[in-house]
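K.L.:
Take this structure, written in structure tokens, and hold onto it; I'll ask about it next.
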């Protein structure tokens, strides 16, 4: 995930070297988010405030390489002191364009660096904006979506209706043209000593530090009275006059520092006093005064933004509070699941809209069959949702491993709709299966976590799961987001089915409560760690279930294989008597997933067979399930949700168990041997 860090010192004298060090330290605190290049933008050699130019330094690779590059800049005097200065810094995780210096951030508006911007997120309509700007004579040098933002603000500035237009007004007009998710921080030679930041769908917070009293603890949110529909329209209205009652500043126009970051870990060493921006907030700092405004007012808007105190210690923030990316990603699932649904599920009207599919919805509804194709964890997400897709779409659903699908030369027809699931969007077998289906005239749908990937480009339409970059090789949050994306597709397909409305409403209510239920499951981490202490010396492990939880068993067993190097097998409980029962004895650890769903009675039969062979089952069950717990060696009790979503809650204990087993066995959780995050060869 891209990392944003920016630093403004107002009436706080700092040398260029000190500013560099602050920016680099901020980026180092964001390294755990993952990145492939880094860059900074600072004021040029002339220290007169009104005559500055912007100097960019960017480097592919680690922040350390950028740090070394900064000190090679012969044209910059590191001893020059700035009383007021604004510097921005960025770590980039490539989404549009390969990792290189040109594609790195900050991105610039032109060769004179009139405007520079750093960006975390994805602009989905950047191609249309780029085409428009190119038609106006603006030349692009990178492949990024972010450069479109830099060029767009230059276009708005060049076509301004008045010379006294404010920096925040320019940004306001720009973001009204943007679609997608973003956190943005802008710097400009036309507005020296000023900063503007905004966000929509990506996190951004502002830290404030001053040894003087601050003007307020609650920053009022200001509004304009008009809305600009496109970049050519002119808004005649103005914001309320900025004064001590509408801005945050040090009383008496004294010294103050502001820190902008996508993560609190980059700020905490400087201050624990922060303001969390909300979606569509525009925060501007000018003359040491911070103001926040929004374009549109809604009834649910909070009228102010409070300064909050971070409850965090510096030593906690390496890789956030986590020892490994995988652990971090497991604990991010309340947020990643919410992000997958955000803007797509309307819980008030019980409607679902997947914007990437809406133009093809009629064609999809006319199809005769759905084919869902993936590898590894992505395949398991397809298995997990097959039953609910069949129920909601009333269509036959085939779930295929991409390699096997190709080996069989599976018949595919023009009235099929084929889904291709891949976290990276580059999985070789899945990509080959996509091309195979396209050649046969099927409609193709991509479900990926990477905008601009091969699968997202080559499919006819698709769903971006919005889970955020997943760095750990063993997939966790991508699985649950893929799961939810497929469920949302089924809900969208069944919207006009009167007979399914009660079921749809039940599932949508379940989706709404999922983030909180996931937090409840994550609170079992200590209990699962204690279980891992008993199991980590074992050589083999069986995971059994059926119905909606069969995929949970497959995925849980895969996680254990991937990072603990223990043999583990996910078994359909209905197949127990057809071979696997021979493995059961008092030494073999057996995990059983038994939930209060239509398969409950059949799972009880399997449980009896295991205990009859002196097996000691570890049971994942519902909180109110006293029947299963009677026969359990140990139980992990989970909150109950609608049956087709229970697999999201039941897989998380297995993710946590695999993590703790790997740590106890002394293995690198994030980089298991012989495995890569993105499998780009057959």
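Just so you know, glycine gets a Cβ as well, placed from its N, Cα and C.
Just lifted these from Swiss-Prot, have a look:
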type: ACT_SITE; residues: 2; note: active site, for GATase activity
type: BINDING; residues: 377, 378, 422, 423, 424, 427, 578; note: substrate binding site
type: DOMAIN; residues: 2-288; note: domain 'Glutamine amidotransferase type-2'
type: DOMAIN; residues: 360-499; note: domain 'SIS 1'
type: DOMAIN; residues: 531-672; note: domain 'SIS 2'
type: MOD_RES; residues: 244; note: phosphoserine
K.L.:
What does DSSP say about residue 378 (substrate binding site): helix, strand or coil?
P.N.:
helix
K.L.:
Can you give me the same-chain residues 6 or more apart in sequence from residue 377 (substrate binding site) with a CB-CB distance under 8 Å?
P.N.:
423, 475, 478, 479, 482, 555, 558
K.L.:
Taking each of the recorded positions 2, 422, 423, 578 in turn and counting other Cβ atoms within 10 Å of its Cβ, which one has the fewest?
P.N.:
578
K.L.:
Among the binding-site residues 378, 424, which residue has its Cβ surrounded by the fewest other Cβ atoms within 10 Å?
P.N.:
424
K.L.:
Tell me the residue counts in helix, strand and coil for the domain 'SIS 1' (360-499), as DSSP assigns them.
P.N.:
66 helix, 28 strand, 46 coil
K.L.:
List the Cα distance (Å, whole number) between residue 2 (active site, for GATase activity) and residue 378 (substrate binding site).
P.N.:
24
K.L.:
Could you pull the average pLDDT for the domain 'Glutamine amidotransferase type-2' (2-288)?
P.N.:
86
K.L.:
Please find, for 377, 378, 422, 423, 424, 427, 578 as listed binding substrate, the greatest distance between any two Cα atoms, in Å.
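P.N.:
Between the outermost Cα atoms of 377, 378, 422, 423, 424, 427, 578, the distance is 37 Å.
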K.L.:
Quick check on the domain 'SIS 2' (531-672): DSSP residue counts for helix, strand, coil, in that order please.
P.N.:
72 helix, 30 strand, 40 coil
